[in-house]
Each structure stands twice: as structure tokens, then as C-alpha cells.
Amino acid sequence: PRSLLPFVVCGSRAVDNLCKCGYSKSQHIEGMQVNNSEKWNYRKHTKELPTDAFGDIQFENLGKRGKYIRLSCDTDSEMLYDLMTEHWHLKTPNLVISVTGGAKNFALKPRMRKIFSRLIYIAQSKGAWIFTGGTHYGLMKYIGEVVRDNTISRSSEENVVAIGIAAWGMISNRGSLIRSSDTEGYSSAHYIMDDIKRDPLYCLDNNHTHLLLVDDGTHGHPTVEAKLRTQLEKYISERVIPDSNYGGKIPIVCFTQGGGKETLKAINVAIKSKIPCIVVEGSGQIADVIASLVEAEGTLASSSVKERLLRYLPHTISRLTEEETESWIRWIKEILENPHLLTVIKIEEAGDEIVSNAISFALYKAFSTNEQDKDNWNGQLKLLLEWNQLDLASDEIFTNDRHWESADLQDVMFLALIKDRPKFVRLFLENGLNLRKFLSNEVLTELFANNFSSLVFKNLQIAKNSYNDAFLTFVWRMVEDFRRGIKKEDKNSKDDTEIRLLDESSITRHPLQALFIWSVLQNKKELSKVIWEQTRGCTLAALGASKLLKSLAKVKNDINAAGESEELANEYETRAVELFSDCYSSDEDLAEQLLTYSCEAWGGSNCLELAVEAKDQQFIAQPGVQNFLSKQWYGEISRDTKNWKILLCLFLFPLIGCGFISFRKKPVEKSKKLLLYYASFFTSPFVVFSWNVIFYIIFLLLFAYVLLMDFQREPTMLELILYVLVFILLCDEVRQVGNASNQNGLLRSSNESSWYSGRVIFCLDYIIFTLRLIHIFTVSRNLGPKIIMLQRMLIDVFFFLFLFGVWMVAFGVARQGILRKNEHRWEWIFRSVIYEPYLAMFGQYPDDIDGTTYSFDRCTFSGNESKPLCVELDADNHPRFPEWITIPLVCIYMLSTNILLVNLLVAMFGYTVGTVQENNDQVWKFQRYFLVQEYGSRLTIPFPFVIFAYIYMVMKKCFKCCCRKETKESSVCCSKNEDNETLAWEAVMKENYLVKINSKANDSSEEYVCLFLSALLLFF
């Protein structure tokens, strides 16, 4: 601070006993000098002392806390900047917004408040500092209120830095900010805001986070802080910041509304310092003067400037001398000599984006016209990218007279990816960026390691562990390796089942797919779509994205985030459906090749596998996929062949070679015709399925015959045949084979009870074997959906039983406790508490709750008989229980269960049936895939002769262990000729598809405009 030296007065003020500095004689440390001609100067009449006012400031009754410091007016800007960043721990600003104008109290217009609200939001989102006058007066008060309204939550409060720079001599109650001499270290000052007090001094604003109180030794002299504020702004704007997107410097912008002389001087100084200014037209006073002159055409004359001054500031100009007026005119002319540093926004056009657009445009004009940076296209692009100004970039930078190399756009491309700017990514791709060359291992590692959400990675790991999914494990491993950095596979790894990425892995060979996965996992909706358009195998990529997003949606705790993932997953499923539909309409054979095309970037999965894992029923149900499944289902047999003909040929083999069955391919050599027909017929999955159904029905008939008519103590021949068939059916399930052996031992036992127990177990097994027929009937178009309904209704029954169990136990325990005393037999407790209340749900009324009809012949008093315990009796040997409780209790119970709960179950069943019925055909087609794949992957040898194939496979496996390991053939996408016909054709179809959907979007927008114009014409 400044300490006052000689007391200097002039004759006119001597009576007031005041010095020219504004303080009284008692506040000076030396004597008095009377001098009418000497001008007071802070350098001569004050001296610097260590500051006595700093620390935290606590505003009384408001709970607001900030930091403050009293400092000299000639404090070095570098020292002040270090104070704020190192001692106050403020982060280096990405932007500085200096707000000026309207130092006097006025009514803030609603549109102006909206503009300031957007200004504070920008400061919060961009990590900016806001400079104001810092007092609770005029514009500064309103800025503080908007800061308060936008920083209610504690999490956001730290992001807004509102720095008030005020004159120490203009602050009321400033004595409370001075520390006592015995205070050491950091302290907290309690400041009282006195808004009612009417004097020339101002209160500090309680909504500013930091306060710089500038002292030059005067009292009641305004604008003392202007010089220090200007120097600080200039220092910050010239400070070199390596990571800055503004030519290596911190951008600063002056924001002006209203104002008078001091505002005009502030704009003039800012323009001379090459700081861009934004002027709000319609806010009044000097802002309107400058805004009107910026838009004026022709040569700027002094008379025109004066005319504007008289129009917008009539009272202020009328009080000025001619010399002062000329100074105002000169300042305005100096400002208008740099129109590229002026940006005007109209208050009546105040919208959500007007402030952001104005700031970005002002910064761009200042940057692009700067002599040092006008050819720095990379810096200009980074600036526009930061503010998401695509139109400016397209119109001003990407012009036809400039050619761009791919390397020139790589830095801004990386920024566009991490800042989620999909339109800029598309712009860079359209102007020559080679995405494959850009996506090096280093770039991908940087994206996954430092620009990947740890929450997403955690959710991915949870999904992998929850579902034990090979594809999710593959993606998780890929992400983990990227986050660790590319590592070589551990050759000594003992876990062969763990998926590892090789040196020449999908990281190197498929960078576009890796980038697409990065964007999809982080739910970058529009960005992922742009990258999807650049990938090869886009149908597979869309289905892979759908699978990933649906899996992550199930483990996300945030309902909104899960909903967004589900929505994006459905969009990619729709894209896959529409694109494949176009492909199938163009060429069926190539489209079917897409279905079986697999890529190691997606864990070696193909389209069908990913669609099924993601439960994309819409994709599986489309005609192209179903036709492909039908071809697989019938094999080489023509799909036009009737099913009854195929079934007839199962029993009459010679019909196969007589042309009774038609095949898709005709053999060239007639000598091999018959052999190929037989081979094609018996290897058809439909034929294999038919054989299995026939022999399975025979097996069930044999099983029923043995149980009902030929179940002896010693196994008969039929029973031994049955064991063999059971062994063949369950040969892959060792545990059940062991159970079958145990049953055989029971049957051979001479113990009657053991023999009977074995028969009971066989009967239960028969139920299970018979219910397996339901799975076979899923092939039926009519029965298949009904079976799915049954499966989903079982889930409804489970939830119903949970609700019913609560009522049942509550009623059963209460009923047993009221009627009987101390029943010790557990089986009868179960009957009374569980079994009988359960039967009551089906209408069986309990008869032991009515004393008039109670019969003691059907109960026991001692508990030694196989009867329920009698009810407790009173002294007259009558049932003790009160009928006025038991009968209403049963009525309420039966009302709740028989009417409410049962009808709830019926309603749940109805909803389930309705849901499945709506997508009846789609659900059946989806389930049909599993049956086709099951029998397509089975051995073509019919049951029960498949046992010989199992023996052959075991022997082959044993011989293979002694042979060297065969090399695995690389997939299509891993081959040297990656640009194969299928992928190239799909890329062409994808471009046609994108053109089609863009045309539809344009047509829809044009139709909407036409309807809107028609409505206007009708209205007028």
C-alpha cells in the first residue's frame, strides 16, 4: 500500500482540512505544506510499504468467501500474475474477458442479462478469467449476480474466476480489511456490505471470487485502478503459453456495454494494445455511439462523430468543454481506425450462440490480421476449432486457392477428435487428410491412454466380467493394451485362453476400426458416425457398435447415459439394416458374403454373430438374412422343394436319384451325379434335423414302453438299448452320464425301496426328455413364437410368486398361530403355513376357521397321528379362536390373492403376449437362427449312429496331439489384398446409402419450409 507523506493542501480546500489526496491531516505521517500550485503526485507524496490487507474475505450474512489483496498502483504485472497463479492457485486462463461500461447504477435490460449469462457460461466452460470493477454497483453488481446464479453448485463454483479490480480509496468499510499488527500468516477479514449508505464510496461485490484493491494513496478518487488493469491485461495477452490455441498466447477480449468517458478510454487503450473489443449495440451511451459509427459508410468526419455523441449522450456532451469534446472525438476516431478489432452484437438478437460467435469472430479477426500470425493457418484453425466455428473455417481458411497436405491437418485433427468436433473432422477429411496415415500407434495410444474415460473403461470391464463375452473381452484387452502402451505378446504366457494382441495386430492393421471403437465406447454420437463412414466393412462395424453400446447400457448406473447408449445402439442397428437391405437388393451373392465376412478388429466375429450377440432382431429378421439362413437350412437342396417330399425321401431313398428332389447345383459329370445327390441330401441341416426328430420320438416311445410295461428288476434288452441311447444323447455331459450309471446300480439292487426310487427317477427323467421337444418345435412359424411367450411368461410367474409368497406366509403364520398352539411337526407346519394357503388361491376354502363346521374327527390332540393338530379349546371345550377375526382374515386373503394377484398375473401375461405378438414374425426369425446354426454345425450323421463319429473324433484328437500345430489361416481383412471385391462393393453401396439418407433429410426440411410458408400465407 501507499503511506501518506507531507500534507499538501490548496487554498480552496484548506477549510475542509483535506489534502489533495482526499485524506485529512490526521491520516498523514508528516507535517503540512500549503501549496496552491504544486500538483499532487503519488510518487512524490507517498511511499510504498508492505501490504497490510490480504487473505480471505468473508462477507457478513451472505456466507460468501473470496480472496483479496491491497496493492500499490505501480505493482509489476508479472509479480501480480504470479500472485494469482502460484499463491492463489488459479489455473492459467484459456481466455480473459474484460468487462467494462455502466459504472453507475441502472436497470439492466432482460436481454442484456441473457447476454451476460451466456458470457459467464462461456467463461465457466472455457476456463476463462473475468475482469470487472469489483464493486457492488452498476454493471459490476449485475455481473456478480449472474456469476452467483451460474455457480450455485459447489462443483461449478471453482470453474468461474471473477476478478474485481477496484480502487482502494473508493471502497467503503475498508478498515475491516486491514490486518491487525499481531496477526501472522493467512487471515480472514469480515466485510460488511452497506448498500443503504449514501456516499461516493462503493461496497465490494460479494459474488466476485478474487479482489485486487489498487492503492495510490488517494481517497475518493475513482479510476485509480485503470492503469494497473490495462497493464495487467496487456501482460497477460503477450504472455507466451506453449499449449495455447491462440498462437501460443492467452487470448483476451474486451466486452463493452453502455458506459461513458472511462469506458471510451478503456476501449481506446485496448485497441491500441491490439486487444479485440465486442460492443453491444442497444445497451446505450458510448457503446451505441461506436456501434453506429462502425456500421456507417464513407469517410468518418468529426461532425458525424459529434452528431452520434449528441444523439446517444446528450446530457454528458452538453456539460463538456470544447477541448474535452475534441478529446472524445479523437479517441473514437483512433478506435475506428482498427475496425478489424471491433465486433458489434445487437441486443435485440441476443440468443444462445450470439456471444460465443461474437467472441470467436473477434478473436479470429484480431489473430488473422496480426502481422505475426496472419499466415499461421494452423493457429487460426485451432482457434476456430476451439470455438466450433465451422462456417468461418470453411469460408475463410479452406478456400479454393489453398492446397492442404495431409500432414498440415494432423494436429488440428487430433484436437477435433478429443474435443468432439464431428463437423470439423468431416471438413478435414474433405480437404485432404488421410485418416489411415494420421492414425499411427502413437496417436491411438494417446487417445486411449489420456483421452479415454476411466468410467467407461470400468464399465467395459464390468460388462466383460458379467457376461463372460469373448467379444467384450477382446475389446477390453485392446483398450487395456492401448492404455498401457503397445506391448509385445508374452511368449511364455501359460494362459492360452486369454486373448492377447500380437505385434502385427488390429492396432496396426485396422486403425480406423480402433478409432471407431474409441468414439463408440465414449458415446460420441456424431463423431462416431463420421468415422463409421470411413471404415471398411461398415456393416460389421455398425453391428459391433450396437453390441458394444447395448452391453455397456446394461451396466451403467446413470439411467440417462444408459438410455443414450441404447438409442445410439438402435441407430447403428438401423444403419446396418438399411445398408444391408440396399446391398441385398443390388447383389444377393455379394450381400451374403458380407454376412460371413469376419475381421480380427472385431474379435474375428462376423455380421451374423455380432447381430445375434447384440440381439439385433431387426437385422436378423430382414429378408436377405432369412434367405441366407434358409440356404444354410436346406443345404444344397433347392428351397422350392416341398418339405413332404424331403420327409418321404428319408424312408424311400431311391427317390433322391430319380429327380423327385431338386438341388441348387447340377453336377457336371453324370457319373458322379447320383453320389453327389445322396451326399447333398443327407448333409442338409434340414435332413439332419428331420432324422433327429424322428429318432427322438422313437426314443421317447421306447422310454415310455419301458417305464409302463417292461420295467423289471434285471435290465431287459430294451432297457439296455435305452441306456445306450441316453448315453449317446448325453455323451457331452459327463455328470449326467454318471447319474445314468447310478440309476443302473439302483435298478440292479434287490432292495425294494431302491428299485422303486430308481423308477421314480426314470419317470422324472422322462419328463425332462419330453420337454426337450419344445425346443424342436421352435422351427415352426406358428409354434415358435408361442414357445417364446411361454418362456417369458415363466419370468412373470417368478415375480408373481415373490409377491404371492409375502401374502401366503403372512396369512399362513397368522392363521396357524391363531388356531393352534405349539405344533412341533415340521411337515404339518408346512402344510398349514404354505400348502393350504397356496391351495386357497385356486379356490379351496379352508374349513378350520369356522367353529360351527369344525370337525374334531379329522384332527389329533396328541400329535401322534397322521392328522393335523386340533385347534386350541377353551374351558367349555369349544374352539377358542375368535371367528370375527379368522373369517374376515380368510376373506381378505382370498380377495387379495384370487382377485387382485391372480388378475395381476393375467395382466402381466397379457402384456407379455402382446409384446411378443407385436413382433411375432421378427422374434421367430431371430430364434430360428439358433436352430439353423445348431444343426448346421452338427455332424451330418443321423442319431443314433453319431456315436461312431464321436469315437472317430476322439481318436483323431489323440493323433493330433502328437502332430505339430497347424498354422491358422488369416481372415479376409488380414490378407495382403485387403481391397477385395466384397469390401470395395460394400463401400460403393455405403456411399449410395449416405447420399440417399442425406437426400431424404433435405427433402424433409424443404417440405417443412413449404408447409410453414403455406401456413403463413393462410394466416395473412
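Glycine is no exception: its Cβ is also placed from the backbone N, Cα and C atoms.
Per TrEMBL, the features are:
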- 67-325: domain 'TRPM SLOG' (DOMAIN)
- 396-460: domain 'TRPM-like' (DOMAIN)
- 487-622: domain 'TRPM-like' (DOMAIN)
- 644-663: transmembrane segment (TRANSMEM)
- 675-708: transmembrane segment (TRANSMEM)
- 720-738: transmembrane segment (TRANSMEM)
- 759-777: transmembrane segment (TRANSMEM)
- 797-814: transmembrane segment (TRANSMEM)
- 890-915: transmembrane segment (TRANSMEM)
- 935-955: transmembrane segment (TRANSMEM)
| task | Within the domain 'TRPM-like' (487-622) only, compute the mean pLDDT. | result | 84
| said: Do any residues, 6 or more residues outside the transmembrane segment (797-814), come within under 8 Å Cβ-to-Cβ of it, and if so which ones? | reply: 832-834, 836-838, 841, 889-890, 893, 896-897, 901, 904-905, 908
| said: Could you check whether the transmembrane segment (759-777) and the transmembrane segment (675-708) come into contact, where contact means at least 3 Cβ pairs under 8 Å with the two residues of each pair 6 or more apart in sequence? | reply: yes
| Beyond the flanks of the transmembrane segment (644-663) by 6 or more, those residues with Cβ under 8 Å of it | 636-638, 673-674, 677-678, 680-681, 684, 686-687, 690-691, 694
| field | Secondary structure content, the domain 'TRPM-like' (487-622) (per DSSP, counts of residues) | value | 93 helix, 4 strand, 39 coil
| field | Residues of the parent chain within Cβ reach of the transmembrane segment (675-708), under 8 Å, 6 or more residues beyond its termini | value | 632-637, 643, 646-647, 649-650, 653, 656-657, 661, 663, 665, 667, 716, 718-719, 721-722, 725, 729, 759, 762-763, 766, 769-770, 772-773, 776, 779, 931-932, 935-936, 938, 940, 942-944
| query | In the domain 'TRPM-like' (396-460), how many residues does DSSP put in helix, strand and coil? | reply | 45 helix, 0 strand, 20 coil
